């Protein structure tokens, strides 16, 4: 088994190092990761400047590894197209510091890297731990990632599979189990703090807390809140199929416009 491993927290993050140790037990792992924190970059790619890539050694690992000055989606696109010597069987993104739940997946560099993997034709997994503490223990989330890949490999899933996995930050004995979920909704207060630079120009820091609201009991947000691991199959197709026929009818009088 060959695995391309990436993330959005950077090559030195404890989450990627923990999952690398586990994935190396399964096969050949290639690491292509950002050279710095790239959280919240979504599915952005670099098109108007060159991308620099540098081979690096990962302490305690024999994996071929690169750091690039691009986004997580760049890591997957460049890694598969130009860097790694063999095409992967799977793309793994994570383990991320902080959950990627509900509508947050649209902002997430972690999830977008997995989406890029599927766009390029490889089944992919995004894994996040529900904690922003950089000193958190990522070992259980890493072991669970290995278990998921083993199941996917045994079941022979298709190339269009993306699993978004979120692990509660709880002792193993307190995790209640696994739920297969759908995406919930995450909204924020969106508080912008205005500051001044030395020249008196304004700049802004985004802050604010998650708005606590009732969640669908089948959602990933509800599952993790209740102490379950959530596994959400997702796809890059954002089409609202329920509205296609409705809008065909609404726009029918204007089909020949122009």
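Any Cβ shown, glycine's included, is placed from N, Cα and C.
TrEMBL does not curate its annotations; it predicts them automatically.
Per TrEMBL, the features are as follows:
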type: BINDING; residues: 8, 9, 39, 96; note: divalent metal cation binding site
type: DOMAIN; residues: 3-189; note: domain 'Survival protein SurE-like phosphatase/nucleotidase'
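Feature map: TrEMBL annotations on the structure.
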residue	record	Cβ neighbours (10 Å)
8	divalent metal cation binding site	32
9	divalent metal cation binding site	24
39	divalent metal cation binding site	19
96	divalent metal cation binding site	32
Secondary-structure category, per DSSP, in which residue 39 (divalent metal cation binding site) falls: coil
Secondary structure at residue 9 (divalent metal cation binding site), reduced by DSSP to three states: coil
Chain-mates of 8, 9, 39, 96 with C-beta within 8 Å of site centroid, divalent metal cation: 7, 10, 13, 15, 37, 38, 72, 94, 97, 98, 108, 109, 110
